[in-house]
Amino acid sequence: MSTLLLLVITGLGLGALYFLVASGLSLIYGLMGVLNFAHGSFLTISAFLGWEVGRRVSDGTWAGLALSALVGMLVGAVVAAATEYLLIRRLYERHIEQALVTVGLALASVALFEGIWGTDPIYTQKPEWLGETTEILGAKIPNDRFLLIACALLVLGGIVLFLQRTRYGLIIRAGVENRSMVTALGIDVRRSFTIVFAIGGAAAGLGGVLASVYYGYVSAHLGSVLLIFAFIVTVIGGLGSLTGAAIASVLVAVLQQFANYYLGGTGDLVVVIALAAVLLVRPRGLMGKAA
Amino acid sequence: MNQQRTDAAAPVDAPTRDTTTGPTPPPAASARRPLLLLAGGVALVVLLAILPLLAIDIPGVLPGPTYTPGTLQLLAYAMLIAALALSYRMMFGLAGLLSFGHALFFAAGAYGLGMTLYAFAPVAWPSELIFLGSIAVTLVVGIVLAATVGSLALRVTGISFAMVTLAFAQAGSVLIRRNPGGATGGDEGLSLDIEHVPDALVGVVNTRNLYWLALGVLVFVYLVVLWVERSRAGHVAEAVRENELRVRVIGLRPYTVKLLIFIVASVLAAVAGMGYLLLQSGASPRIATADFTLTLLVIVVLGGVGYRWGAIVGGIVYTLLDQRLTALAGSDFIAGLPAVLRVPLSEPLFILGTLFILVVLFLPGGIAGIPQRIRTGRKQHPVETEEAADA
């Protein structure tokens, strides 16, 4: 029982991380049809800059971590918005080229990060409490899992509120539904592209700082590892669906933890098989709209 | 043209829609043109074939004179990558199938041959028989793998297809790294068991033979690709890329044709993979990763999606650039620069990535599209004008 609980909560923690990356991917794809390969780089740069600022102010304290998270979100938002404005916008409506540009950006940026921060992982400090465990029903659960889950829930709530309660949220939801109609009504849908990129970038940036807490290090390849799983989550959840991404990230992460524990470390393989199965049975994903 | 509009309404078809940089129709049929092209091609192959006997030194491009093993090794590697890119272009450029799993088949060729050679090692057959038998077994494995993955992945289209192929490739990559039963060597990579490999293909002294082998693989892949493209199946595949619905309406089955193209391209990738194993005397898990497939995509787009020889030019230019930029990164000139310039310039992938972005943004036809651009003086991408006329 305690093992089961530990696996589930660890899975939820990992799922929180996947969700932070996948939410942006899914929104961007839903609105613009762009498969953003550079999303992992948004995460990595935020993790690095967040860590750089955090360690200069106060290393391993809550204040330092909060500052890192803020910096991470800001960096992620700015970098993502700049990417959209400078690169993606020029290739409006040419989806393959847009994806190709993000591929190039991902390759170039990872190489740049390696050049600046080296190829080896850099170990980070975190507040003492996060390194300890809490006992729930006999299961010793690392405390950082709770932080991850709380942050992901906050982000999910924030994005849902933004989409449901604000004017821009309305335009974005309408744009996902039918972009040409929104344009026909005289609304400049392009501004919401930049906003969606900024939101996705901010979520990924927060994910970057939290990933450095979860893994205990930052490295140039932090983003690319998470990105593959985020892609899988996005596709299983249904491209363009935020709820789908949330459900799928939990499912995928928990499944991965269970397979790793009970099936001898085959978590990655099981996830891949799950993706193939979902796509063959239900090509549009769990919550995706009918193609 | 209106038909394109209906396509745009279906989001799943959207990603395949913009790959319309198809080969341009030959200008006003002059009967001599194909003959000239043929003669040029044969002359080029002959020139490449006698390269190991010459001492051509191109400073800055090649690491040394062309007869030295180091240069031949690099050129052979570039040609194998070009062959692989050519097979990828057949899928992506001809049939419009954006696969993220092509590396899987290259790795299947390299690892398949390596592992079969180990498996046959204890058997007391003549070496030649074992070597050829291993190649045959690897080819069969390649065909079965391609047919399985292809028949599953082609049930979905567009981005979903890309994701299923990515998933399979990822599974393959994980398997190779996990080293089941010590068969793949894990992160260390698999070394070539030279016991049953013909002596002419082993050792630095014989790099020349490996170079010719690589050239042979490239020519073979090119001829197969040419044959497939000129065949009825090739024409149907091209039609499917442009408009799948129309092909269905005519009464043809796109699935069969796409599967055929998928299998042929994958088996060609496996052939290139076998060449890679022999040339590098081993295989590393790097060749099975998603990053490797992305590199292929970069090569094909860099060279020009719409042109067969674009993939070859892209493969060779990319490999040479990669190698030369790595050499440049270690040079004294770079070490003497201030950090702002030194750090980016010492990362070859950074320069290649940036170059790639610039090509996508400003040179949609790729390197192979440059002559066409100069000839027609067209500033715009052919697709753009088409879309403009459409609107």
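Note: Cβ is positioned from N, Cα and C throughout, glycine not excepted.
As given in TrEMBL:
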type: REGION; residues: B:1-28; note: region 'Disordered'
type: COMPBIAS; residues: B:13-22; note: compositional bias 'Low complexity'
type: TRANSMEM; residues: B:35-54; note: transmembrane segment
type: TRANSMEM; residues: B:74-91; note: transmembrane segment
type: TRANSMEM; residues: B:103-123; note: transmembrane segment
type: TRANSMEM; residues: B:129-149; note: transmembrane segment
type: TRANSMEM; residues: B:156-176; note: transmembrane segment
type: TRANSMEM; residues: B:210-228; note: transmembrane segment
type: TRANSMEM; residues: B:255-279; note: transmembrane segment
type: TRANSMEM; residues: B:294-318; note: transmembrane segment
type: TRANSMEM; residues: B:325-343; note: transmembrane segment
type: TRANSMEM; residues: B:349-370; note: transmembrane segment
Range from B:74-91, B:129-149, B:156-176, B:294-318, B:349-370 with most C-beta pairs under 8 A to the transmembrane segment (B:255-279): B:74-91
Using a Cβ distance cut-off of under 8 Å, indicate which of B:74-91, B:156-176, B:325-343 has the most pairs with the transmembrane segment (B:103-123). B:156-176
Quick one: do the transmembrane segment (B:210-228) and the transmembrane segment (B:129-149) reach 3+ CB pairs under 8 Å, ignoring pairs fewer than 6 apart in sequence? no
Do any residues of this chain, six or more beyond the ends of the transmembrane segment (B:325-343), have a C-beta under 8 angstroms from a C-beta of it, and if so which? 63, 351-352
